[in-house]
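Structure record follows, encoded as structure tokens.
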Amino acid sequence: DECLSAPCSEFANCTNTAGSYTCQCLDGYVGSGTVCTEINECNSNPCIGGTCVDRINGYNCSCREGFAGDRCEININDCDPQPCLNNGTCSDRINAYSCDCVDGWEGNNCQQETDECVSNPCQNGADCMNGLNKYTCDCPSEWQGVNCEEGKPFTS
């Protein structure tokens with residue numbers, strides 16, 4: 001048995017033939033049989049959204065956050081379930097999302113009513129009362145106008 005002298009690579013099968021032998025590399029290896037080199041399946045960059053980990057006769061993908069699937073080919077939809085409140089529109093990102101808020105709402109999830117009084121539109125000591133997408137000014141008795149900007153005429 002010519003295979004007893006171990007003429008083949010440790011990563012090959014030896015087959016005894018009449019007066020000779022043949023060496024064939026195992027699955028996942030290439031070469032002559034006397035020399036077998038492991039095939040690096042990661043050389044083809046099979047992992048789309050992750051890192052390839054070479055295995056013998058195969059590979060595994062270690063996905064980055066926000067990706068899933070055997071080849072990390074699926075961008076996880078961060079808009080599911082809908083995180084944007086008050087009719088905000090969600091845009092999926094990689095491991096994130098953003099909300100486009102309708103007028104009158106703000107915040108990461110459109111959860112905060114916009115404070116229309118923050119710019120101090122009311123004049124002459126008037127109190128500003130915030131409303132949804134609007135404000136009203138409570139004018140002192142001697143002032144009038146949308147922003148209490150007009151003095152009231154004197155009456156005698």
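First residue shown is number 1, and so on along the chain.
The backbone N, Cα and C atoms fix where each Cβ goes, and this holds for glycine too.
Automated prediction, rather than curation, is the source of TrEMBL annotations.
DSSP states for the domain 'EGF-like' (1-37), grouped as helix (H, G, I), strand (E, B) and coil, give 4 helix, 17 strand, 16 coil. Annotation source TrEMBL lists domain 'EGF-like' at 1-37 (among others).
Residue counts of the domain 'EGF-like' (38-73) by helix, strand and coil are 4 helix, 15 strand, 17 coil (DSSP-based). Residues annotated as domain 'EGF-like' in TrEMBL: 38-73 (among others).
What TrEMBL lists as disulfide bond is Cys42-Cys52 (among others). In sequence order, Glu41, Cys42, Asn45, Pro46, Tyr59, Asn60, Cys61, Ser62 constitute the residues six or more apart from Cys52 (disulfide bond) in its chain with CB-CB distances below 8 Å.
Under 8 Å, Cβ to Cβ, and six or more positions away along its own chain, Cys72 (disulfide bond) finds Cys47, Ile48, Gly49, Gly50, Cys61, Ser62, Cys63, Arg64. The annotation disulfide bond is assigned in TrEMBL to Cys63-Cys72 (among others).
If you look up TrEMBL, you'll see 75-111 (among others) marked as domain 'EGF-like'. Broken down by DSSP into helix, strand and coil, the domain 'EGF-like' (75-111) contains 0 helix, 11 strand, 26 coil.
What TrEMBL records for Cys101-Cys110 (among others) is disulfide bond. Taking a C-beta cut-off of under 8 Å and a sequence gap of six or more, Cys101 (disulfide bond) has these contacts in its own chain: Cys84, Asn86, Gly88, Gly107, Cys110.
When Cβ-Cβ distances below 8 Å are used as the criterion, the domain 'EGF-like' (113-149) is approached by residues 103-106 of the same chain, each at least six residues removed from its ends. For 113-149 (among others), the entry in TrEMBL reads domain 'EGF-like'.
What TrEMBL lists as disulfide bond is Cys139-Cys148 (among others). In the three-state DSSP scheme, Cys139 (disulfide bond) falls into the coil class. Of all Cβ atoms in the shown protein chains, 21 besides its own fall within 10 Å of the Cβ of Cys139 (disulfide bond).
Mean pLDDT for the domain 'EGF-like' (1-37) in this predicted model: 93.
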